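*Asks:* First the structure, then my questions, so here it is.
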Amino acid sequence: MALKFISAEEAASLVKHNDNVGFSGFTHAGCPKVVPVAIAKLAEEEHAKGNSFKIGVFTGASTGDSIDGSLTRAKAIKFRTPYQTNKDMRVALNNGEFDFFDLHLSQLAQEIRYGFLGKINVAVVEACDVTESGEIVPTTGVGITPTICRLADIVIVELNKSVPTKLRGIHDMYELQDPPKRREIPIYEVQNRVGLEYVKVDPAKIYVVETNKDGEGGGFAPVDDVTARIGNNVAEFFVSELKAGRIPAHFLPIQSGVGNIANAVLASMGSNPAIPRFEVYTEVIQDAVIDMMQQGNISFASGCSLTVSNEVLHKFYEDLSFFKNKLVLRPSEISNNPGLARRLGIIALNTAIEVDIFGNVNSTHVNGTKMMNGIGGSGDFTRNSYLSIFLTPSTAKNGTISCIVPKVTHEDHNEHSVKIIVSEYGVADLRGKGPRNRAEEIIEKCAHPDYRPLLHDYLNRGVKGHIPQDLYACFAFHKALEETGSMINADFSKL
Ligand code: 0RQ
């Protein structure tokens with residue numbers, strides 16, 4: 001069957017007010033770039049005519065500005081899930097302009113299939129190749145692509161000519177069977193492949209829009225002193241765990257979160273000669289992973305996206321034959337699968353906004369109210385990992401905020417799932433410790449020295465019980481920040 005080639009504007013006109021639209025990709029990687037901008041333009045035109053035009057936006061994770069930025073600015077969104085990092089979108093959702101549903105990334109595809117979130121009307125997916133028989137080969141990010149392509153009535157393929165078609169073969173597209181028929185995923189080692197190189201859909205529902213837009217990946221900030229110290233602390237902790245035999249000599253697969261800290265930690269692991277070559281089973285494959293594969297420090301990487309800077313992306317394309325049998329991109333329900341995290345023994349490394357002295361972690365909300373990004377995949381891995389590690393600088397905003405607080409203002413990962421906390425000052429090992437010992441460990445090893453006396457004061461307020469939590473004083477740090485501009489002015493006597 002001959003493919004139907006249309007313009008981005010014609011594709012946008014297939015989307016109707018109130019539709020739910022699923023987009024491919026994970027982070028900016030693999031996201032469509034011209035059709036969402038055309039949908040945003042259409043929304044503005046409809047609004048100018050006095051007509052309503054808003055859509056539900058379903059993605060793998062965060063996206064490029066073409067999706068979240070354009071659609072937010074056009075006021076074209078009624079609902080958004082599961083994760084975002086866009087500044088305009090963050091402001092809009094915190095202003096209540098639309099409903100934002102924050103959930104574990106591994107769960108989105110199945111929640112769509114279960115019918116919990118309504119019907120997906122249109123899928124918009126970026127591809128490097130599409131055939132007349134309906135084979136769609138994604139680009140550098142997968143996310144929920146297999147599920148939205150199967151369930152949508154219309155599949156708009158953005159065929160991106162700037163991505164080499166020889167990327168075909170790097171993906172492993174596998175969709176979970178739903179209960180009660182679900183069987184185990186036959187991945188027993190990081191490099192196992194269980195699915196197809198493409199997504200197959202009925203070609204009758206495919207429309208193709210050609211483009212050659214480059215990736216939307218920015219670079220990483222240079223490693224600063226704090227980030228470098230966090231990285232070194234993690235690397236030294238791994239070396240001591242190897243020596244103690246608590247991490248096997250051949251090491252275990254690493255999951256590392258997104259952002260500068262995660263990138264710097266991997267780089268520190270690569271430059272520590274006592275850490276053996278290891279594998280990565282993660283969601284986002286960042287610049288450091290690609291560098292370390294070329295240097296031989298990482299032997300295999302499985303992920304959901306290649307979230308790399310454009311410079312590294314071009315390097316990757318040039319050296320594709322090297323990477324082809326060392327890297328695989330999977331849908332988010334497989335890359336982030338909790339059962340696989342447990343089976344493979346993944347070491348999970350994620351970044352926190354704040355942690356409390358009892359080991360609870362806030363990954364999402366500033367002051368318990370303002371959404372930062374979302375839980376992303378951190379929960380998929382943390383609870384099910386061999387070893388869960390949270391990274392945080394001891395302070396934020398020039399020391400006015402202590403990232404170690406008496407009680408977190410929003411709890412994403414609780415004390416039962418969090419094993420290790422690392423700041424630039426050291427490593428708090430919470431394994432096998434009750435609440436008071438955990439608190440001492442976190443204050444002494446991770447808190448900034450300026451905040452340690454205050455945190456000890458809080459701990460020693462004489463509250464009885466298993467957890468010495470003073471419900472009247474636990475937010476004194478946040479109150480002081482609000483009223484005086486710094487948590488250092490927390491005064492427990494004034495509560
Ligand atoms: O503010 O942007 O104004 O400078 O928060 O903090 O230190 O730059 O760290 O970019 O790695 O983000 C938790 C948000 C950390 C991220 C979070 C301010 C700080 C700065 C960012 P500025 P940093 P990062 C894999 C796993 C959840 C999802 C996840 C995240 C800004 O890692 O979204 O783990 N995690 N996914 O100044 C107020 C505090 C603060 C604070 C830091 N206590 N109070 N502001 N900041 N601590 C990825 C995926 O799932 C796809």
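Here the Cβ of each residue, glycine as well, is placed from N, Cα and C on the backbone.
Bear in mind that TrEMBL entries carry predicted annotations, made automatically and left uncurated.
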*Asks:* From the candidates Ile353, Ile357, Ile389, Ile404, give the one listed by TrEMBL for the same CoA site as Asn373, Gly377, Lys397.
*Replies:* Ile353
*Asks:* Of the residues in the domain 'Acetyl-CoA hydrolase/transferase C-terminal' (315-458), how many are helix, strand and coil by DSSP?
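*Replies:* Helix, strand, coil within the domain 'Acetyl-CoA hydrolase/transferase C-terminal' (315-458): 43 helix, 36 strand, 65 coil.
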*Asks:* Tell me, how many other CB atoms lie within 10 A of the CB of Gly377 (CoA binding site), whichever protein chain they belong to?
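*Replies:* Gly377 (CoA binding site) is surrounded by 29 other Cβ atoms within 10 Å.
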*Asks:* If you draw a 10 Å sphere on the Cβ of Glu283 (active site, 5-glutamyl coenzyme A thioester intermediate), how many other Cβ atoms land inside?
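*Replies:* Its Cβ shell of radius 10 Å holds 30 other Cβ atoms.
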*Asks:* State, in Å as a whole number, the widest CA to CA span among the CoA-binding residues Ile353, Asn373, Gly377, Lys397 given in the record.
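*Replies:* Across Ile353, Asn373, Gly377, Lys397, the two farthest Cα atoms sit 25 Å apart.
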